[in-house]
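Student: So that we are looking at the same thing, I have put the structure below in structure tokens.
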Amino acid sequence: MKKIVAIIGPTASGKSDLARKLIEKFPNLEAISIDSRQIFKRLDLGTGKDKSFFQHLIDIAEPEENFSVVKFRNLALNTVNKIHQHNKIPLLVGGSPYYMDAIVYDINFPEVSVNLELREKLEKMTTSVLYKKLNRLDSARAENIDPRNRKRIIRAIEIVESTGRPVPSLNHKKLRFNTLIIGIDIDRDLLYAKIDKRVNDRIESGMIKEIRDLISSGISKAWLKNLGLEYKLITEYLEAKYTRDEMIQKLKFEIHAFCRRQLTWYRQNKDIIWIDNFTQAKSLVNDFML
């Protein structure tokens, strides 16, 4: 069975930094970004693209382009196959737990068409009510969706309503490859401090301007808001819904909450090996390659 390595962990835990160091140590690793927002061009600061080393599947779609998990999975698996053909080992750099699972596990994701009648009904509900509805229908999926990301919530409900069942549990799914999944374990207070610093740094580096420029170029505010977190709150700040300080504090708080949901999702996965330093990761990868 062909090999694949994955690095997962909550937002701001240092996944890209670890990936870069592992590639420097093991040149036969080749990175694939598994991030549902980094696929879009011109979304740079808000998505935290690290272009200090090469990663496949960054900047592959135009803003507002429709991109399902099935479409991403198919592109990613094709990329994995090409890397294997060159006798190298794919290194998945998370990102989005849902996207990661779609690649690592042999999950039969339903290809559900848009249900306009259902969407019309759902659009009449508040985002809070929609999230509660999804939580009742598919609590595992709800844990990994930003409760303010209306578009994703509606799509998740649409899938469950159309198929009559939630996305299959990973507990009974097989790995597609001989897989090493490395999880970054980080102290919660340290993680929050890193998130807060990163928000401040990105604001100072021009994240507000990035989003203002996207809007000025004709990108829909509704689409930006549906991306959640940075793009939603900064768009609302530009609409004068918050002061600058209010927006920054709210953004930090919501990213903290998002990280907690990510960790809840990850902790259910018994295939993950948790590490807290580079030496441990290096040892795991070295042994895995033997």
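Backbone N, Cα and C define each Cβ position, glycine as well.
Here the structure is a predicted model, which means the values were calculated and not measured.
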Student: Ranges 35-38, 71-74, 147-150, 171-174: which does TrEMBL label region 'Interaction with substrate tRNA'?
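Tutor: Going through 35-38, 71-74, 147-150, 171-174 one by one, TrEMBL gives region 'Interaction with substrate tRNA' for 35-38.
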Student: Check the recorded positions LYS15, ARG119 for other C-beta atoms within 10 angstroms of each C-beta and report the one with the most.
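Tutor: Per the Cβ count, the most surrounded site is LYS15.
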Student: Far apart in sequence but close in space: which same-chain residues, 6 or more away, have a Cβ under 8 Å from PRO10 (ATP binding site)?
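Tutor: Residues satisfying the criterion: ILE184, ILE186, LEU191, CYS259, GLN262, LEU263, TYR266.
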Student: Which sequence positions outside the region 'Interaction with substrate tRNA' (35-38), separated from its termini by at least 6 residues, show Cβ-Cβ distances below 8 Å to it?
Tutor: 46-49, 57-59, 67, 69, 72, 93-96, 98-99, 227, 231
Student: Counting only residues 6+ apart in the same chain, whose Cβ is under 8 Å from the Cβ of THR11 (ATP binding site)?
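Tutor: Sequence-distant Cβ neighbours: ILE195, ILE255, PHE258, CYS259, GLN262.
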Student: With helix taken as DSSP H, G or I, strand as E or B and everything else coil, how many residues of the region 'Interaction with substrate tRNA' (35-38) land in each class?
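Tutor: Per DSSP, the residues of the region 'Interaction with substrate tRNA' (35-38) fall into 0 helix, 0 strand, 4 coil.
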Student: Tell me, what is the mean pLDDT of the region 'Interaction with substrate tRNA' (35-38)?
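Tutor: A mean pLDDT of 94 is what the model gives the region 'Interaction with substrate tRNA' (35-38).
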